[in-house]
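Shown next, in C-alpha cells, is the structure this report addresses.
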Amino acid sequence: MPQPILERSPILELRGVDKIFGDFAAVERVDLSIAEGEFFTIVGPSGSGKTTLIRMLVGMDAPTRGEILLRGQRINETPANKRPFCMVFQSLALFPHMTVGENVAYSLKCRGIGKKERRERATECLALAHLPASYYDRAVTKCSGGEKQRVALARALAYDPEVLFFDEPLSALDYRLRKTLEKELKDIQRETGKTFIYITHSLEEAMVMSDRIGVMRDGRLAQVGSPREVYDRPRTRFVSEFFGEVNAFPVTAKDGRLWCEPLAMAFDPPPDAPAGFKSGALIVRPEHLHFDPAAAEPIRGEVFNEYLLGSRVQYQVRAGGTTLLVEGMGGQPPATREVALSFSPADSLLFAE
Amino acid sequence: MNKNQFLPPHRGPSRRTVLAGLGAGFAASLTGGRVKAGPGATYADDLWAKTVEELKSGSFRMDLNLHSWEGYTEEPVLDPFSTQTGANVNPQMLISDPSAVNNLRSGGTNTWDIINLNNAWQRKILYPNDLIVPLDKAKFEPLYAMNVPEFAWPYKWAMADDGALLGMIQRYGPSGVAINSSLIDAAEIEDGGYAALIDGHAGEYGILDYENWVIMHACMAAGFSPFREHTADEMAAYEEMIFKVMKNAKKISADAAALARDMITGEIVGCFPGSLYSVSAARMEGMSEITCVLPKMGIEETKTAETPDGKSGIIWIEVTSLVNHPDPTPLAEAFLIYCHTPEACHRVAAMAPGTLNPVVQMGDPTVLELFSQDELDAVMWGADGAELKTLVDRCIDFDINPDYDAMHDMYTEAKRSRGF
Amino acid sequence: MTDLSETLPASAASARPSEAPARPAWRPSTGLLCALPMLLLLGLGFLAPLLIVAVYSFMPRGTFSLTSAPTFENYVDIVAQNFHISFLWSIWLALLTTVILMAVCWPLAVSIKKLSPSRALLLTVLIVAPLFVAENIRLQGWSLFLDRAGLLDGGLKATVGLSTGSLTANVPVVVFGMVYIYLPFMLFPMMLGLANVPPAALEAAQDLGASRWQQFRDIELPLAAPGLVIGALLVFVISLGAFSESKFLGKGVIVTVSEDIESAFTFGQNWPRGSALSVLVIVLAGAAAFFGLRRLDLDSMLGRK
C-alpha cells in the first residue's frame with residue numbers, strides 16, 4: 001500500500017495566491033499543498049479560475065500576490081522554461097511541422113542532448129505512452145486524435161518533469177477513448193511516481209484518476225479532499241451540486257426537526273447537522289431517494305417521466321409542486337405512478353443559508 | 001523639344017502669378033486700344049471669326065483628336081476653342097516624337113486629326129509617308145506676318161521640298177546649358193564653351209535627362225553636329241564625351257523642375273543640357289539668376305561668312321500638322337487658325353504646365369502686348385527680343401540624328417558605368 | 001491493462017484518414033469549370049503579352065513588328081555592352097531590400113499579432129493608407145524632404161543651425177526608398193505566416209525548456225516560414241523591377257534594369273532590346289519564384305492540412 005497522501009512531504013505549495021486582472025480576481029486567496037507523487041485534480045466550472053491557477057504554477061503567468069513554493073523554495077520569479085514542470089495543453093500544442101519523434105525529443109534538444117540519446121529516450125517515452133517506436137518518424141499531423149494525446153503525453157514525459165500538468169487534454173475526445181486514456185494516465189502516473197496536476201470540468205474524470213480533488217469556484221478553492229470525501233461530505237451546497245443533479249429541499253429548523261414547507265412535512269436532520277441551524281437546504285442525491293411504500297413518513301408523489309441511464313434508471317417525480325429525481329438500479333420499478341419516497345437522514349446533507 | 005513625360009502637372013509658375021500676368025496683359029490690350037494691331041494679328045482674328053461662322057453650317061464630325069506636346073493639351077488653350085465651335089476636343093499628350101510617329105504609322109491616322117511634333121519629322125518622315133496633309137497656303141501664308149524675323153516666310157521646317165505647307169509653327173526654344181548665374185558667371189560658359197561646365201565644374205552639375213537631347217548636346221560639346229552621318233573618329237569623340245559628361249555629373253534627373261530647384265538651392269551650379277524650356281518656370285517665380293546660356297564659339301562646321309563664330313546650341317520648334325485622317329473634320333484646320341489668334345498665342349506660350357515658351361507670333365505687337373513683363377523675363381525676351389534672338393542665333397536647328405541608335409547605346413553604357 | 005485494440009495506434013494505422021477514396025475516370029470537375037474564366041483571363045491578359053515580349057526579343061534591332069526573321073542579336077548586344085552593371089545593381093538592391101525588410105517586419109508583425117484586434121486593425125490601416133497614394137508622389141515627397149534646402153535640411157538650419165546638405169543621390173537612399181515602398185508586401189504575408197503559429201505552441205516550447213532564441217528558431221520561424229517565403233519572394237520580385245526609387249531618390253547614382261528597359265522602349269526606340277531585357281528579368285524572377293515556392297506548402301499556408 002502506498003503511503004497515505006497527506007503524510008508525504010509537499011512538493012508544491014501555494015500560499016495566499018491571488019491573480020487579479022484589472023478589477024477582476026481570477027484567483028483569490030488560494031492556499032494549497034500538493035504532495036510528492038500525488039495525482040491532484042482541480043475541478044470547476046469554466047471561468048472558475050482553474051486554468052489561471054495552473055498557468056501560475058507552470059510559470060506562464062505571475063501571481064499578483066502570494067507565494068508559490070517548490071519543495072519549500074519560492075519560485076514566483078522562475079520563468080516557465082526554468083521550472084521542472086511540464087504541461088499537456090488542452091489544445092495539446094504539438095508542433096505541427098515536426099515528426100512525432102521530434103516533438104517528443106524537443107525538450108532534450110533544447111537541453112543540448114545528442115541525437116542518438118534523444119532518440120533512445122524519446123522512444124522510451126513513446127512506449128510509456130503506448131506508442132510504438134515506428135511512430136518516431138511519422139508526421140504529427142498524420143496522427144489521430146488519440147495518438148496526438150499520447151504524443152503530447154510522451155513529449156511531457158521526455159522532459160522528465162517533477163510535476164506534470166494537464167489542462168483538460170481529453171475534453172475533445174469521444175467518451176470511450178477518454179475513459180481508456182483516463183485509466184492509462186493513472187497507470188502511467190503510478191508507474192512513474194511523478195506528481196500529476198490535472199484540470200478538468202468533468203467530475204467523473206476527476207473521480208477516476210485523482211488521489212485528491214480540489215473544487216474551484218469563483219477563483220477560490222471551495223473544498224479539497226479525496227474523491228470520496230468530496231463526494232460524500234461536500235462542504236458547500238455548490239460542491240454537492242457540482243457532482244450532478246441533486247434534490248434540494250428548502251427547510252427550516254422546527255422542534256429539532258427540519259420543516260419543508262413545499263412538501264408540508266418534516267425530516268430528521270442528518271447526524272452531523274451544523275449546530276444552531278435555522279434555515280437552508282437539505283440535499284439528497286437521486287440515488288439516496290428510494291421508493292419505499294412502507295416508509296413511516298413518506299414523501300408522496302407521482303412519477304411522470306423515466307429515463308434509462310445505462311445501468312441505472314432515473315425517474316422524475318412530482319411532489320408538492322416540485323420535481324424530485326430518483327435514481328435506481330432498475331431492479332424495482334414502482335408498481336404504480338403514485339409513489340412513496342424516503343431517504344436515510346445519514347445520506348442527506350444540510351447547508352445553512 | 002523632347003519634353004519630359006514624367007513632369008508632374010502645374011509646377012513652376014503659380015496660378016496666381018500666371019493670372020496676375022494675364023490680368024496685366026488683358027489690361028494692356030483693353031485700355032490700350034492705342035496699341036497698333038499688326039496686320040497679321042488682324043488677319044488672324046478676321047480669319048478666325050470667318051471660320052467660326054463657316055463652321056456653323058454643314059455637318060461634320062464634332063470630335064477633334066489632338067496628339068500633342070503639353071502646350072496644346074491644357075484647358076486655357078482648349079476651352080475657348082470648344083466654346084466657340086462646340087467641338088469636343090480629346091487631347092492626348094505625347095511621350096516622345098518617335099513614339100508618336102510610330103503610333104501614326106501603326107494606324108494612328110484613324111484616330112488623330114492633329115499632330116504636334118518637333119520640326120524635321122514633318123519634312124522627312126510624315127509627309128513623304130502620307131501621314132499628314134498640307135495646309136491651304138493661301139489661308140496660312142498671311143499669318144506669317146505675325147512672326148519674329150527668324151521665322152519669316154518661307155520657313156524651311158514647315159514646308160516640303162515641293163513647296164507644300166506642312167503645318168503651323170508656334171512654340172520654340174533654344175537649348176544649351178542652364179546655370180545659376182549667381183553661382184557661376186554666365187561669361188564662363190559663353191567664353192569657355194561646354195567644357196567650362198563639364199570639366200570646369202565636374203561634380204557640380206546635373207544632367208537634364210531627356211536622353212536624345214543629352215546625346216545631341218554631347219555631340220555639340222564634342223565639336224560636331226549630331227544631325228548628319230558621323231565618321232568613326234567622331235563616334236569615338238562622342239563616346240569619350242558622353243562618358244565624361246556622365247562621369248562628371250553630380251546627379252541625373254528627367255525632372256526639369258527638380259533640377260531648377262537644385263540650382264536655386266546651390267546643390268548644383270548648372271545643368272547639361274539646359275534650355276529655355278527648363279528654366280522659364282523658375283524665372284517666372286522671380287529666380288532670374290536661373291538662366292539658359294550658350295557658348296559664343298560654335299562648332300567648326302557652322303562657321304560661315306555671316307556667322308564667323310559658328311553655332312553652339314540647338315533650337316527646337318514645334319510644327320502642328322493635319323493628320324491624313326480618312327474622315328477629316330474642318331475642326332482640325334479651324335484649330336490651327338484659332339491658335340494664331342493673339343489670345344491663343346499667349347495662352348499656348350504662358351499656360352503650359354511647368355514651363356513657359358516663346359512663340360514665333362510674338363513678332364506681332366498685339367500678341368506681344370498680352371505678355372506681362374514677368375512672362376517676357378521668364379522666356380528671356382530681353383529688350384525688344386534681343387536676348388532671345390542672341391540665343392536663337394547661336395543655335396542650329398533640331399533635326400534627325402542618323403547615328404542615334406549607336407549613340408544611344410553609348411549613352412546608356414555611359415550612364416550605367418556611373419554605378420560601377 | 002484494458003483492451004485497447006480500438007484505440008491503439010497499431011490497429012488505428014489500418015484506417016488512416018489520409019487514404020482518399022479512388023477517383024472515378026476523368027471528367028471536368030466543378031473546380032476546373034469554375035476556374036475556366038480565370039484561366040482564359042490569365043491566358044489572354046498574362047500569357048499572351050508575355051509571349052509577345054518573348055517573340056519581340058528575337059526581332060532585329062529597331063523593328064516594331066513581329067514579322068522579321070528571328071535573331072539573337074539583342075541578347076548578344078546585352079552581353080557585349082555593360083548591362084551586367086544594372087543587372088547586378090538590381091539583384092543586389094532586391095536582395096538587400098528583402099533582407100532588410102525581413103529584419104524590419106518581423107518584430108513589427110510579432111508586435112501587431114500581440115495587439116488587440118482593434119489596435120491591430122488601426123495599425124494595419126495606417127500601414128496600408130500610404131498605398132493609396134501613388135508611389136512616385138510619395139518618393140517625390142521624400143525627395144523634397146531630403147534634398148538640400150528641403151524640409152529636413154531647411155528645418156534643421158532654421159531651428160538648430162545644422163545642415164544635412166542633400167541626402168539624396170546616393171545608394172543608401174535608394175535602398176531606403178525601396179524598403180519604405182515595399183514594406184507592406186513583406187509585412188502582410190509575414191503577418192499571415194505568423195497567424196499560423198499557435199500561441200500555445202510557443203508556450204509549449206517555453207514550457208519544454210526552450211529559450212527565447214530556441215522558440216524563435218524551432219517554432220516561430222518554421223511555422224511562419226510560408227508567409228516569410230511569400231513575402232520575401234514578393235519583395236524580391238517587385239524590387240527586381242524597381243526603378244522609381246533610383247530615379248527619384250538615387251538621381252542617377254545607379255541605373256537599374258527597369259530604367260534600362262524603359263529607356264530602350266522610349267528614347268532608345270528599340271523594342272526588341274527592351275523585350276530581351278524584360279525576358280531576362282522575367283527569367284530571373286521566375287527562377288526566384290520557382291526555388292522559393294518549391295520549399296513551400298501552399299496548402300498549409302491556406303490552412304488546409
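Each Cβ is built from the backbone N, Cα and C atoms, and glycine gets one as well.
Sequence annotations record features per position, and here TrEMBL assigns compositional bias 'Low complexity' to C:9-24.
The feature domain 'ABC transmembrane type-1' is assigned by TrEMBL to C:87-292.
Taken from TrEMBL, the feature region 'Disordered' covers C:1-24.
Residues 65-66, 68, 70-72, 74-75, 271-272, 275-276, 278-279, 282 of the same chain, all 6+ positions outside the transmembrane segment (C:32-59), place their C-beta atoms under 8 angstroms from a C-beta of that stretch. Summarising the annotation, TrEMBL assigns transmembrane segment to C:32-59 (among others).
Taking Cβ pairs closer than 8 Å, the transmembrane segment (C:87-108) reaches residues 174-175, 178-179, 182-183, 185-187, 190, 228, 231-232, 235-237, 239-240, 242, 246, 254-258, 280-281, 284 in its own chain, all 6 or more past its ends. The transmembrane segment feature in TrEMBL is assigned to C:87-108 (among others).
Under the heading transmembrane segment, TrEMBL lists C:120-139 (among others).
Beyond the transmembrane segment (C:221-243), the same-chain residues lying 6 or more positions past its ends with a Cβ under 8 Å from any Cβ of the stretch are 90-91, 93-95, 97-98, 101-102, 105, 178, 181-182, 185-197, 201, 256-259, 262, 281, 284-285, 288-289, 292-293, 295-298, 300-301. The annotation transmembrane segment is assigned in TrEMBL to C:221-243 (among others).
Tertiary proximity for the transmembrane segment (C:276-296) is limited to same-chain residues at least six positions away from its ends with a CB under 8 Å from its CB atoms, namely 50, 53-54, 57-58, 74-75, 78, 83, 87, 90-91, 225-226, 229-230, 232-233, 236-237, 240-241, 257-258, 260-261, 264. Taken from TrEMBL, the feature transmembrane segment applies to C:276-296 (among others).
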